[in-house]
């Protein structure tokens, strides 16, 4: 497949990961006439319910990975922590979009911070923490409070420990369980926003309106669109996202999380995939982030990201599902459930998009 | 399952028919956390791409029908011409929604016309045509032009023959190939509109705004919302649809096609299922007709049918697919493809919803 020619309808899009993001990507692919093939070690996973094919195998099963790659026309993913060996087995056979460079950068918090700094963007103060001595020096430089994070494989607040005063250092380091870590200084921010940005195979970039995020316990709770931003901040956010995508020669949708501070925007982190803070687009836009991602990886033109409503997206986590009868009964609420069999504390079970007429 | 208790997430909705309507019903069911199971004799059918399970068997395979019914929690359908023997095999095991009465009425044009007349609604002049002598008498009473239609199994203009003058009668009757028929007089209408109406298990009714339909060669070409209707006509249309659903103790979405005439609204036909003229709801409403239908058959509360945009829906038929690159490139267009492998003349391949800001 040449980079320039769009995938014809009937083509098969391979998706690594079978969670809710893969599920909603599969639905979006079906709208464009594509079939989907999920690669996911778990059995009755959310994406498998709406995908044509499901390779149920481990990410170290290189033979299964090769068969999967043969069965599809292009490969994408719903999570960034894909083992390098798996990527090697796959991209020998079919293109992976977004590409390897985006994964290399976003799989490692240290590499990501250095990459963003190299683009001239602001990030939180940070220091590499290979060991206890380095942690002591890092705390001396950055100060407290600070947060120690594993360089790899963190999500939803996992693999993180707060250091409120220097005496917390040893305990925090123990929490890393020997994994390489980085120390990040706290950013005194007014709010957190994210930009869901997309870049197509021919290099065009389109962004959805920034959303304002509220987290609880390290997990996204709500995203509100439009975010409270000045026109200049909104423009900055979008330009900054475009710079990141261009630098990576990126193809697909990326979530760019930003802190809004009096001194300007600080990049918190990037995710090379569709993003929880972009779920509002399902009910606020003609083309949502999932279809935008499929369009990009399939080589189709991007939609413009325009928005026809204001939206508040609320995640349904764990026991929030007890409120389902009320949510379903609200005629202005778009309810999206993930088909997960079991409700667990902290598990994302679905989300709801509440629409209000567009105000700005 | 009691009529009053909603199906919990994770339940399985059985769908008879694996075409594009079943496909879009499956996607809507996934949004609400349900699994779907398709019953469809064909193999690589549009709905199977996004359904959890697929019973590939014939409608006269009562054993497969019984296994299908055992595997699901409720049964619905995407087409009304389901053999009575199949319905008997199914409803002995699980509830069928919409119910048997709606199918009995809508499967036979004569029964349908008599049912609508019995509700005090206007229909085109009609006459039962069991044989040639009856056709002669019917033409004498109704006049020409008129149209001869098989009582059963007609769709998209199939099973119909126009009688422009009495001399056309013999040819038209031959076209029926011995099937029982009815003669319908032409209605001199200003426009054709349809109401997509829904009724829940507890009897509440919700209608989407009427759409204005343009047909070509017996196949729906475009639906435009809002339809050109006076406020009184709009109210009449919605009340009339509600009357039909109540009379049938209906559960689910129904398409009600109406002719707008100077003397008032004339009911053309009813379809006990989601309807092509309701596809605009996918991009014009928070809850579309497919989710509304799933809500009804699952015993959930209905959405209110409110609309946030004006929409023009255009069907993509046969060679219209050649225009796909332009359609995909239009940022205001929601493109929906059905995953059909082969383009054929007259085959519905997809549709596109073009949004404009709401005007009324």
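Heads up, the Cβ atoms here are built off N, Cα and C, so glycines get one too.
Bear in mind that TrEMBL entries carry predicted annotations, made automatically and left uncurated.
The ATP binding site annotation in TrEMBL covers A:109, A:149, A:154-160, A:184-187, A:192, A:215, A:268-269. Residues or ranges marked as domain 'ATP-grasp' by TrEMBL: A:113-298.
Secondary structure at residue A:184 (ATP binding site), taken from DSSP and collapsed to helix, strand or coil, is strand. Within 10 Å of the C-beta of residue A:184 (ATP binding site) there are 23 other C-beta atoms, taking all protein chains into account. Considering only the binding-site residues A:109, A:158, A:187, A:268, the Cβ with the fewest other Cβ atoms within 10 Å is that of A:158.
Note on the domain 'ATP-grasp' (A:113-298): mean pLDDT across this stretch is 95.
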